[in-house]
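Listed in Swiss-Prot for this protein:
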type	residues	note
SIGNAL	1-20	signal peptide
CARBOHYD	46	N-linked glycosylation site
CARBOHYD	105	N-linked glycosylation site
DOMAIN	122-307	domain 'FAD-binding PCMH-type'
CARBOHYD	370	N-linked glycosylation site
């Protein structure tokens, strides 16, 4: 026994285990520490970026004492509902949930005095202390150098559309890329390092939002693979995380399948071009590895496609939630129609909402690409509608011809309900499940277990098609993207309180994700951009072991000091929740795993 104890102690010491416990974690500089930049240094940074540095104050401060202003508070309450205003403002994310911390003294909730007394103090929460509204690559380089020199927590905000609040962190310096707005269309784009030309493409500044590129596409008669939310930045986390398009993914692939080149400022403040001919590792990582992780992307060039005509048909049914059996049967039939249409190269999206307390709506929207005859599209759907009628499932069918898809997409900023926050999560449905005889019914039964409130949303995004056909492309997305039929996104509304936020986060992780994964327990795959904010196994769920291992290797090479850390991002496992303190897991977990192995061997002998 004495020899065994000697072995254990020697083993632990050989790994540096005991000494590592004595070493405090290395943390970013905080405002109360001597390392924090003084006012002269902040002034110098501001001058170096042409006066674009903002000292961030919560927008809700005008609704609280001692800064309460009834008129200003009313204005902000109205503006805060506008997603475009939130995208452009350094002191806002798209959702108050990620502006607040976890305690009552970590928030500045933007609510009217009738809902919450104005006497309650306002706090910074998770908002950055400073934000650099960069207007050039030189600005980005200067801010990165400043953050490195002063060991500051650095975050990147594009438009603030983020399911886990990656655009903010307490006591941080923010790079706000929203104002990088250049758009340039090229009939035959020449990738750096290749003189052959890559065909039509459009180069987009990091701050270009979907509505802006869609409007530009109308004028120049092209379209791109993009999302539906008009104020999401197309070059930021959307593109770098994968980029799902409900209206063009099936026919043109994911957004990352169609990116030709990135312009990036790296962790050493170097401006580089990343494509298939230079900085290939960085280019690969930025095609699915996630935003805010490998550098600051200042522009990207993506393929442009003809803005083709289409016929859009929508089947809508309504039911009371109390009629569970009817509801499950009806949703199952709509999913069966979607599956049948997919087999005929027609893609679509199922959206489930609750317009009132007693009524649930389900709408199946189908896209007949390159079709101009509405009657022909409806004729193709008639057998399905007749079958629904036989089962006493009443639906309403509407169809329209769309000359160009850009004009069909939302071009104005979304207006959100006042005070309501949202949390969202996602999972993928495999081809194996969806294509099985009981696939649509299994999916519908799981959907029936999820609560849908008046501000909640449950919807699918069509995968398959060109996304599956692109399986030979070497990108940094989870391999399961290529073998999945649909992405399911579940959005839950949250009342404006810290308690409601805490409860909603717990329910997403402990209640609703298990329900979704029960659909196919052996197939747990989620979309990083819309994943569970508390996902414990994010490396496997978002990327898969092989892809993540390669991403982690590239991250260590390009950003060894962890300047770019984002929640549930590559390399974040070695940092605390807010990316402030370095707490390397491997130094402890590896020797413990090895010790456990040796103990098991000893027991067996």
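The first residue you see is number 1, and the count goes up from there.
Each residue, glycine too, has its Cβ placed from N, Cα and C.
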Cβ packing number for residue 105 (N-linked glycosylation site), 10 Å threshold: 11
Packing count at residue 46 (N-linked glycosylation site) (other Cβ atoms within 10 Å of its Cβ): 16
Structural state of residue 105 (N-linked glycosylation site), classified by DSSP into three states: coil
Around the Cβ of residue 370 (N-linked glycosylation site), the count of other Cβ atoms that are within 10 Å: 10
Euclidean distance between Cα atoms of residue 370 (N-linked glycosylation site) and residue 105 (N-linked glycosylation site), Å: 55
Nearest-integer angstrom distance between the alpha carbons (Cα) of residue 46 (N-linked glycosylation site) and residue 370 (N-linked glycosylation site): 51
Per DSSP, three-state class assigned to residue 46 (N-linked glycosylation site): helix
